[in-house]
Amino acid sequence: MSAVLITLRSNYHPYPHRHYYSDVRINTGALEASVFVAAVGEEEETQMRIMRRLPMPNSRYYHHPSDCYDHRRYCQIPSVLPRRIHLPEPLSRQVPQSFLNPTRCRSFSAGVDVNRDLDLERYRSPPSDGNVEEDLATKLSKIVTQLFSTSDRNMEAVLDQSVGGGELTADVVIEILNRFRHAHRPAYRFFRWAGNRPGFRHDCRTYNKILSVLGKTRQFETMVAVLQEMENRNNALDMESFKIAGTTFAAAREMKKAVGVFTMMEKCGFEVGTESLNTLLNALAKEKLGKEAQQLFDRMCDKLKPDLKTYTVLLSSWCNAKNLIEAGRVWNQMVDKGFEPDVITYNVMIHGLIKGQRRPEAVKLFELMKAKGPRPHVSTYNVMVEDLCKHGKMDDAMDCFEEMIEDGLAPDEVTYTSLITGFGRARRMEEVPGLVKEMHEMGCPPDGKTYNVLIKLMTNYGQLEDAGRMYRKMVKDGIQPTIHTYNTLMKSYFRRNDCDMGCSVWEEMQRLGVCPDDNSYSVMIGGLIRHGRPEEALKYMEEMMDKGMKAPYFDYGKFAADFARAGKPDVLYEIAEKMNFSGKLKIANKFMGLAELMDKGVVRKGFGM
């Protein structure tokens, strides 16, 4: 066995004559570690001794470069696809019942004011508040959704007619691109149409939004073309543009291109400093790309002078990647450079220890903060409360909550949302209404995440009427429902075998101009298949492919079996062909195999996915 010694050092010396000692042991799989915290006189240090059977390079934790080549090879989807499979429209526009219809509350919402006498029509046809731009964005989004999905070549003409002589603003364009952030094809087509509108000119904000859409969907070639176009136009590039480009290239492990972003910044007259490096490293940390962040740091640290934020962000990238060995190395390097960890740095390390299944060490570090400083912040307590709630230790979570209040810190929405989630998972829903009421009394009313958690809990307990009522309360409070809100409701209705209500949620999304994401389509397609409506499901599958989205997840075997029983042997071959053209080779091969089994008369056996 080989040993690796990591010393976590501290520059704090508030108690020169006091002795502090603690011992914590960790046993996880092949790793066995001990943490010793010692402070004697002027010298303090934390030692982590990690024993492991074999040394493992960091590269073992990441995909082989050949995987990246395969990804780049198929990430661009051809513009010409096979002919569409002509089937009836997926859904009638007349749904028998809306999930927004107010019904009598049964249990949970009896303890919370959710306005049970709320007028449905107020949400069916929202009164105009003078926000003309939002109304125009919703109108144009509907046109793009309806005409793009049918490959209508006249989409641009209809958009021109809808805008008429009115002025198209950058805010409207950004709003629409944000709604189609999961579907790069309609987003890019709308972006090009907007750029050709008389009197409209793309600025750095609209360019950055389309860059973000292209980057998240890995459309690198189109993204590079947009960057070149921005470079050729005055005032089209800003720091956000370089952040999006650098993060996208680094996430794709194109480190030369990521570093080249800094060269492009200098060429365009932008100041390349530590803050620019921190911005890019922070974006990589959020994507859990610790290795890529370290590589970029190593390349740029000689040219730029790292500060405390630089090391904190780099520490966060390794903690998010659950590599505590590298995180400890960065901590030591930071302290050796003379930087004193602040509250944010401690929060990052505590959260990383918890994510890495090292909760005892996280508790010790938390206690060390309370004993010697820096003083824990609300965000520090939130990390501890969330972890306790996640593991069902609700009494301990409430003790931590009370301790935070006694320490003079006011809980925020994150604190209450964690407690609500924990009590819901612990089947102690009777505690939830009191917490919601207390949020209002404390001056931090529920936000979007809180409402989503409440709706999720209600659907988990089968209280779908209450969930619909809470949705209306959410809208009344002026909080915009997210795609996750609709996905949760839609999935719950399909699971309850209420296909009409599930489709009603989808129609509500379309009415409000909300662009479905990959999960939305998977839920909708899977629900239609389970209810024996494969032809309608196929139409939505085609919409996904037309928009350049990922392949959906559902019961492929039942889908093929339904077409087999319907006597339509050519459908699966056509799906396989279109999937192949779209670059979705794995799914294409699956459908081809299902089609061959269908020809052999095998309807259901071996069709699982």
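Placed from the backbone N, Cα and C atoms, the Cβ positions cover glycine too.
Bear in mind that TrEMBL entries carry predicted annotations, made automatically and left uncurated.
Worth saying up front: this structure is predicted, and the values here are computed from it rather than measured.
Residues or ranges marked as repeat 'PPR' by TrEMBL: 203-237, 307-341, 342-376, 377-411, 412-446, 447-481, 482-516, 517-551.
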Taking DSSP helix as H, G and I and strand as E and B, the repeat 'PPR' (517-551) has 26 helix, 0 strand, 9 coil
Model confidence over the repeat 'PPR' (412-446), as mean pLDDT, sits at 94
The correct DSSP tally for the repeat 'PPR' (203-237) reads 26 helix, 0 strand, 9 coil
The DSSP breakdown of the repeat 'PPR' (482-516) into helix, strand and coil residues is 26 helix, 0 strand, 9 coil
